[in-house]
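What follows is a short report on a single structure.
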């Protein structure tokens with residue numbers, strides 16, 4: 001939609017030719033007599049009636065052209081509104097029989113005593129270190145949430161409801177697992193025999209005391225199902241799963257405080273973007289309606305409108321990944337954010353999570369002399385903790401930040417799927433642009449006008465909704481967990 005504002009770039013660039021371009025051209029031609037020829041004929045005859053006929057013909061031609069334009073606009077509007085209805089997201093990524101088609105890959109059950117990942121439970125690659133026991137009088141007790149999912153059976157031997165208490169992340173993964181269990185074995189429900197423990201019935205170092213672990217089984221107590229139950233727990237997103245015995249499965253998760261960088265993808269507020277006017281602005285000052293430098297689907301630089309902020313919080317402390325290139329560019333971004341990576345050996349452009357970009361990989365960086373995107377080698381990958389997060393969304397779904405081309409999306413390992421998921425917001429922005437009050441909702445250089453970007457604080461409701469449902473419709477291999 002923004003391709004008519006492309007910045008000049010050599011079409012011979014390999015990443016431009018490697019990018020897929022889908023074009024839809026509509027050619028409407030009106031076969032009408034040329035008014036100029038009619039006018040010349042009328043002038044030659046000198047007939048007044050012919051002049052009147054010529055004027056009438058011109059008016060009819062103008063009216064016809066306006067009707068053609070109006071009908072074409074109406075047709076395009078209908079097509080844009082109906083296009084999302086022709087897709088069914090569950091068909092491409094449903095994890096179970098209840099959503100879309102069946103899994104294309106086979107899931108193998110765990111064997112007795114097997115753990116996934118094959119690490120210590122307390123390593124950062126698993127559930128992470130202990131943070132301390134939570135008691136009823138502890139300040140952190142308010143962070144535990146009860147789980148009243150009707151698809152889950154809680155044994156609750158103590159009769160205090162303690163087995164229903166857990167961290168938010170544990171509750172989220174447990175609900176996903178309960179859904180998978182019902183899909184895998186109709187009529188069977190998930191059974192939780194232990195969650196948060198306040199009676200010290202486990203070892204001294206147990207995540208049960210923090211509400212980060214659950215002991216589970218199936219409602220029919222059929223041991224032959226437990227290997228697959230463990231596998232389903234892995235797919236549900238538990239950070240550490242152990243087929244600990246023939247009677248139950250043990251699962252645990254990272255602490256809620258340690259996974260904040262995984263729930264969204266953002267840049268630092270002081271990172272900059274280039275506006276169409278030629279001005280470079282910090283992302284903290286970018287507003288809805290600004291047109292910033294992005295990368296089109298054909299790999300070329302293009303200016304695209306900011307339609308919303310998926311996250312914006314200038315006070316939140318966050319962990320970031322720093323990517324340094326041999327040309328001096330530095331991109332600071334959250335670990336789950338998608339970055340465009342160029343593979344010269346395959347002549348292919350991919351999107352990779354920021355924390356999976358390695359040294360010697362190539363990223364696309366804007367050349368200040370030509371304005372073109374050129375590959376630069378990553379020479380160092382570091383980490384930093386900084387204050388503030390900003391995540392603008394453009395119509396293109398990409399943005400050039402600190403001269404480095406990046407996606408606007410995160411968490412989901414597919415640029416195209418993430419872009420499709422935000423299609424309703426692009427359509428909504430298009431409809432809002434047709435409203436008379438459009439200018440009141442956009443940024444303005446006039447004093448006293450406060451942009452919507454300055455009013456937003458936190459995750460956008462639609463982005464938050466997508467994050468909550470992703471575990472139900474996407475396999476774990478597609479997610480940044």
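Every residue, even glycine, has its Cβ placed from backbone N, Cα and C.
Residues annotated as Ca(2+) 1 binding site in Swiss-Prot, with similarity to another entry given as evidence: 157, 158, 163, 193, 194. Per Swiss-Prot, the feature Ca(2+) 2 binding site maps to 158, 194, 197, 199; the stated evidence is similarity to another entry. Among the features that Swiss-Prot reports, N-palmitoyl cysteine is placed at 93, with the record citing similarity to another entry. Marked as cholesterol glycine ester by Swiss-Prot: 265. The annotation site 'Involved in cholesterol transfer' is assigned in Swiss-Prot to 311.
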(request) May I ask you to report the DSSP-based helix, strand or coil state of residue 157 (Ca(2+) 1 binding site)? (result) coil
(request) Determine the Cβ neighbour count for residue 199 (Ca(2+) 2 binding site): the number of other Cβ atoms within 10 Å of its Cβ. (result) 11
(message) Can you tell me the CA-to-CA distance separating residue 158 (Ca(2+) 1 binding site) and residue 311 (site 'Involved in cholesterol transfer'), as a whole number of Å?
(response) 41
(request) For the recorded Ca(2+) 2 site, enumerate neighbouring residues of the same chain (Cβ within 8 Å of the Cβ centroid of 158, 194, 197, 199, site residues themselves excluded), in sequence order. (result) 157, 162, 163, 196, 198, 201, 208
(message) Roughly how many Å lie between the Cα atoms of residue 199 (Ca(2+) 2 binding site) and the residue listed as 'cholesterol glycine ester', rounded to a whole value?
(response) 39
(request) Go through the recorded positions 157, 163, 193, 197, 311 and tell me which ones have a CA within 10 A of the CA of residue 265 (cholesterol glycine ester). (result) 311
(request) Tally every other Cβ atom lying within 10 Å of the Cβ atom of residue 163 (Ca(2+) 1 binding site). (result) 23
(request) Name, in the order they occur in the sequence, the residues of the same chain whose CB lies under 8 A from the CB of residue 197 (Ca(2+) 2 binding site) and which sit 6 or more residues away. (result) 162, 206, 208, 209
(request) Please report how many Å separate the Cα atom of residue 193 (Ca(2+) 1 binding site) from that of residue 311 (site 'Involved in cholesterol transfer'), as a whole number. (result) 37
(request) Report the same-chain neighbours of residue 157 (Ca(2+) 1 binding site): residues 6+ apart in sequence with Cβ closer than 8 Å to its Cβ, ordered by sequence. (result) 163
(request) Give the distance between the Cα atoms of residue 311 (site 'Involved in cholesterol transfer') and residue 194 (Ca(2+) 1 binding site), rounded to the nearest whole Å. (result) 36
(request) Would you identify the secondary structure of residue 265 (cholesterol glycine ester) according to DSSP, in three states? (result) coil
(message) Sequence gap of 6 or more, Cβ distance under 8 Å: name the residues on the same chain that satisfy this around residue 194 (Ca(2+) 1 binding site), in order along the sequence.
(response) 155, 163, 201, 202, 208, 213, 214, 215
(message) Beyond the listed site residues 157, 158, 163, 193, 194, identify every same-chain residue whose Cβ lies within 8 Å of the center of their Cβ atoms for the Ca(2+) 1 site.
(response) 154, 155, 156, 162, 192, 195, 197
(request) Among the recorded positions 193, 311, point out the residue whose Cβ has the most other Cβ atoms within 10 Å, with all shown protein chains included in the count. (result) 311
(message) Using a 10 Å radius around its CB, how many other CB atoms surround the residue listed as 'cholesterol glycine ester'?
(response) 29
